Amino acid sequence: MVIYRELTFSSLYHVLVNAAKTTSVVMFLVAAAQVSAWLITIAELPMMVSDLLQPLVDSPRLLFIVIMISIMVVGMVMDLTPTVLILTPVLLPLVKEANIDPIYFGVMFIINCSIGLITPPVGNVLNVISGVAKLKFDDAVRGVFPYVVVLMSLLVLFIFIPELIITPLKWIN
């Protein structure tokens, strides 16, 4: 841009203003996610969730389905990093106690959180994309909906056939 002189000082101003607007939207979402994470931690919600799910340890599949639904709901309103940092220490002991493979749990956790990032009502990634592409949020939701359906179907398939994730990992070892 500088070498070919495509960017003048007046257009540089507009580029910087647009970058600042996009960055402010992203940072607002990150700040909201951090506040949510702080409130969840202060309210001792992770300990309550652990106590609530403890009776399901005897039924690993049911426990795993409940955990996946919970992660999906949390992932819809919170960013990936706070979700992982808050829920992993709470859920991993339950998963180990129920004899669920921790690597399988981790893969499913991240897949689930990723789906949550593109799913309304908050959809952090959708907000960023609609802001950058100057789309209405509704148009972004309509565009991503088929992919969410496919990803949810894969998630259900992986829940009921865990070997699809576990077996390739065993081939590596």
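Using the three backbone atoms N, Cα and C, a Cβ is placed for every residue, glycine included.
Note that the structure is predicted; figures quoted are calculated from it, not measured.
What TrEMBL lists as domain 'TRAP C4-dicarboxylate transport system permease DctM subunit' is 1-164.
Summarising the annotation, TrEMBL assigns transmembrane segment to 12-42 (among others).
The transmembrane segment feature in TrEMBL is assigned to 62-91 (among others).
The annotation transmembrane segment is assigned in TrEMBL to 103-123 (among others). Residues 29, 64, 67-68, 71-80, 83-84, 87-88, 91-92, 95, 137, 140-141, 144, 147-148, 151-152, 154-155, 158-159, 162, 165-166, 169 of the same chain sit 6 or more residues outside the transmembrane segment (103-123) yet have a Cβ under 8 Å from a Cβ within it.
Residues 61, 64-65, 68, 101, 103-104, 107-108, 111-112, 114-115, 118-119, 126, 135 of the same chain lie 6+ residues outside the transmembrane segment (143-166) yet bring a C-beta within less than 8 angstroms of a C-beta in it. Under the heading transmembrane segment, TrEMBL lists 143-166 (among others).
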Long-range environment of the transmembrane segment (12-42) - Cβ separation under 8 angstroms, sequence gap at least 6: 77-79, 81-83, 85-86, 122, 124, 127-128, 131-132
